[in-house]
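Below: one structure, written as structure tokens.
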Amino acid sequence: MGKLAILSLAVISLAAFIGERLFALRHLSLSSRELTQNYLPNCHVIEGIEYGAEDITTLDDGLAFLSTGLKYPGLPSYSDDPGKIYSLNLLDSDLKIKALNIKGQFDKGSFNPHGISVYTDVKDGAIYLFVVNHPQGKSQVEIFRFVEDENALQYIRTIRHELLQNVNDIVAVGTESFYATNDHYFTNEILKVMEPLLSLSWCDVVYYSPQTVQVVAGGFPSANGINISPDKRHLYVSNILKHKISVMEIQKNTVLSHVKEVDVGSLCDNIEVDRESGDLWLGCHPNGLKFMLSDPNDPPGSEVIRIENILSEKPRVTQVYSDDGSVIIASSVATPYEGKLLIGTVYQKALICDLK
């Protein structure tokens, strides 16, 4: 009778624990959130983007780079073709994408691009494109030099390191140096699923240079998008499962000190920073459960959020665009340029709109 009582108590305790964890997970994923549509004028789909533009970044002259064709565990993938990097001139009225040819000894067949970042060398004006790549499900960072007159990428090198095991996004701060986010702690797919269920906050930000590789910030349930302020003094990290943007100050030794967090009320993915105003533009998942289920009959929506004056005492957070999935599904990035807003998604289309 004693053993039966102990067993019953154990079963009840386990059931209560699982129930509490599932309730917490529903809160983290904003599973009950429904969107009110908030459209921008003159929106149209970018022709040729069918399998996502998970990350986008734009040069000062209006040339955008788009990371497309991401294959990520647990999410839909509608093409077996390798991923590609496209360019798009936002000043061109035709808005035609062009695939960037990759030159050099690079394995194009396993290319699976995720987060991207550009760095312009002040010494000679050379433009470097850093790409998070997941060949065969692994994580590594590719460095290319952009050859403008050929619309090509010259392969330079691949970076692998034990601290770069689950890289999501990257921000370049030199020709060979960057900060990167890890969106999981474990590499095993089953253990990855357990991380949010157990509310583990073991994800981090890593600084890499040829001389130094170190974890510079931690304690994230999942660290996704990352970007840098125009004055290069602060980093912004998407603390996606807490629905916040973390603001970090860069110290002289490259370690980050926590400044504050800004609530955004959504699961925001990539971060783009307006070079003139310093405003943050976020591509977000308004309902994480719908995003993970990816049911075509009840698709995940899309949301773009803007943060103005993020370093002030009262940052202004506004919703710029929202859609219930009837126009675009699973927005992951938004970048403004000259009165236009380019919105990318994890595995579907890309949209360009006029800003009001």
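Cβ coordinates come from backbone N, Cα and C, glycine included.
Note that TrEMBL annotation is computational and uncurated.
According to TrEMBL, the feature disulfide bond maps to CYS43-CYS353. Under the heading Ca(2+) 2 binding site, TrEMBL lists GLU54, ASP169. Look at TrEMBL and you will find ASP55, ILE116, ASN168, ASN224, ASP269, ASN270 tagged as Ca(2+) 1 binding site. The active site, proton acceptor annotation in TrEMBL covers HIS114.
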Cβ-Cβ under 8 Å from ASN168 (Ca(2+) 1 binding site), same chain, 6 or more residues apart: which ones?
HIS114, GLY115, VAL132, ALA180, THR181, ASN182, ASP183, ALA223, ASN224, GLY225
Taking the Cβ of each of the recorded positions and counting other Cβ atoms inside 10 Å, which one has the highest number: CYS43, ILE116, CYS353?
ILE116
To the nearest whole angstrom, state the Cα distance for the pair ASP169 (Ca(2+) 2 binding site) and ILE116 (Ca(2+) 1 binding site).
7
Express the distance between the Cα positions of ASP269 (Ca(2+) 1 binding site) and CYS353 (disulfide bond) as a whole number of Å.
20
Which recorded positions (CYS43, GLU54, CYS353) fall within 10 Å of ASN270 (Ca(2+) 1 binding site) by Cα distance?
GLU54
Between GLU54 (Ca(2+) 2 binding site) and CYS353 (disulfide bond), how many Å separate their Cα atoms?
17
Between the binding-site residues ASN224, ASN270, whose Cβ has more other Cβ atoms within 10 Å than any of the rest?
ASN270
